[in-house]
Amino acid sequence: MTKHDQQKEHATGADTSASRLGQNILWNYLSGFTSIFGLLLLYPLAVSIVGASSYGLWVLAIGAIQMLTMTDFGLGAGIVRTLTGIPDHEDYQRERRMFVTAALLVFLILAAVLTALYMVVFPLYLQTVTIAEQDQQILWPLTVMAGVTLFLSLLGRGMNSVLWGLNRPDVERKAAVIAILGRAAGYGVVAVTDTGLLGIVIVECASLMLPPVVCMIAVARRFRAPVVGEGLWRDHGKPLIKLSSVMSIGALSQLAIYQLPLFLVGPTLGLHATTAFGAIMRVYQSCRLVVSWIALPYGYPMRIATPSRSARILKNCLTLTFGIGLLMSVAVASIPQELMTAWMGDDFAFAALALAMLAFGIMAEAITQPANLVMNLRGSPMRASILSLTVLVLTLPSVWLATATGSIALVALATVLPGFLLSGVQMYLADKDVSYGIERKDLGRWGVMAGGAALYAGVALIVAHFLPAWPTILIVGAGLALMAFRMIKLVRADGAVVAEMSEENSEALVAEREADRAVIREAGDPEQPERA
């Protein structure tokens, strides 16, 4: 085999360049903010084009798609954990390709089942909704296009997990930026051609399908044709499902924590409060995403980190998420009135205190996301799942009791407080898997960050007292953004460490596999060495 062929065969390896970690976080930020601000601006534009009632029909469809796409039953984390555990070495490329084939097969089955379920249940649900006569004729085209979008989105979620295992999450993020820009252009075409709701549905489906298709193409370019052989399901498919079944408890629990409180608010506080609470939860989800844009790129480094360097990687990840969490908490806690009225209008000023309550949830996410990465990728996924289930069990009764008070602020507090109170427990349990190695200087640094955030909150209050809402938001936001980018300098040094660790990890995995093969050969089983 020529050197060129060897390099081509080794194309399934991860990108471990020193700049990769920084690029991943940078693209997460760029695509994330593009998506958040783009969707916030495009939402009222779509309503103005087709009307609130017609667009509401599509909102129901796309909401179901997003919920089912989020339900990957822990398979994504299972893929990352398993793929990074197979040596990134030329001798193991067939095994890596076979595992990706098994992962694709599992997601094909999952996508087929959930899409079939959607195609049956969603039309039945629509029978309970009052739909305008002019929209009746679009129901089946809408359902079919939504079903195709759901199917491809689920496959894309699986292939994006493969890219995470290769340390290339930026592939999907770049496609997401193009998708949101394409959606904006598509809205313009719909407005000019007067194609109405059908045009909006086509534009949004195309926008949603672009990132999954890009992920599938990227994986196909790296792994080429699927590898089907003996042991495909036994050695790769079943173990992936077994590992992910444990993580699915946590994945489904987290989904319920963020979705079910809204359905408790509806019948108790009324539709106006439900709209306000839905807006607040959208802010919360956006803040969770911002934290994840830092935490998730550390997943690959955390997975391959050597024991001597894992504490540094984990602490730096926690420092960044903690810092970003503090900055966002300062914003929602210090100027909630300005944020709420500028975004939703004066009619929603009553929900400002509820928005401020999100500070507890944001800080909980900043602390627990690195801990969850450790437990899911290097430690005990069962512990992470049980903790998420515990938070859910505490959250739902708390929200139900809070609705009896009629206070949306107490409902918001009940939604986020259980996770905040248990965040220290999650850190403690994660420390059993990978030691944080916290020293006095680390506590001092975090204390200085917290003190600085408190001082900036005071500045924000003073600015809010003298200026109108929008100037206040812009000034406070600019200051927070500047501090956020200052913190990212930690990433450059971490990227160089990851590049060194990746080579060490690959050599260690190969040595471990060879040792296992030697033991099996001594045991006298001639078939097992090929599957080891």
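Here the Cβ of each residue, glycine as well, is placed from N, Cα and C on the backbone.
According to TrEMBL, the protein carries these features:
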type     : residues : note
TRANSMEM : 26-49    : transmembrane segment
TRANSMEM : 55-79    : transmembrane segment
TRANSMEM : 99-126   : transmembrane segment
TRANSMEM : 138-155  : transmembrane segment
TRANSMEM : 175-192  : transmembrane segment
TRANSMEM : 198-219  : transmembrane segment
TRANSMEM : 240-264  : transmembrane segment
TRANSMEM : 276-296  : transmembrane segment
TRANSMEM : 317-336  : transmembrane segment
TRANSMEM : 380-402  : transmembrane segment
TRANSMEM : 408-431  : transmembrane segment
TRANSMEM : 443-463  : transmembrane segment
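Spatially, the transmembrane segment (198-219) is not adjacent to the transmembrane segment (380-402); fewer than three Cβ-Cβ distances between them are under 8 Å for residues at least 6 apart in sequence. Three or more CB pairs closer than 8 A are found between the transmembrane segment (380-402) and the transmembrane segment (408-431), so contact between the two stretches is assigned (pairs 6 or more residues apart). Contact between the transmembrane segment (55-79) and the transmembrane segment (317-336) is not supported, since fewer than 3 Cβ pairs fall under 8 Å when only residues 6 or more apart in sequence are counted. For the transmembrane segment (138-155), the list of distant contacts is 57-58, 61-62, 64-65, 68-69, 72, 104, 107-108, 110-112, 114-115, 118-119, 122-123, 126, 131, 197-198, 201-202, 205, 208-209, 212-213, 216: same-chain residues at least six beyond its ends, Cβ to Cβ under 8 Å. Of the candidate ranges 175-192, 240-264, 276-296, 317-336, 276-296 has the most C-beta pairs within less than 8 angstroms of the transmembrane segment (408-431). Proximity of the transmembrane segment (240-264) to the transmembrane segment (99-126) is established through 3 or more Cβ-Cβ distances under 8 Å for residue pairs spaced 6 or more apart. Taking every listed stretch (99-126, 175-192, 276-296) in turn, the largest tally of C-beta pairs under 8 A with the transmembrane segment (317-336) is reached by 276-296.
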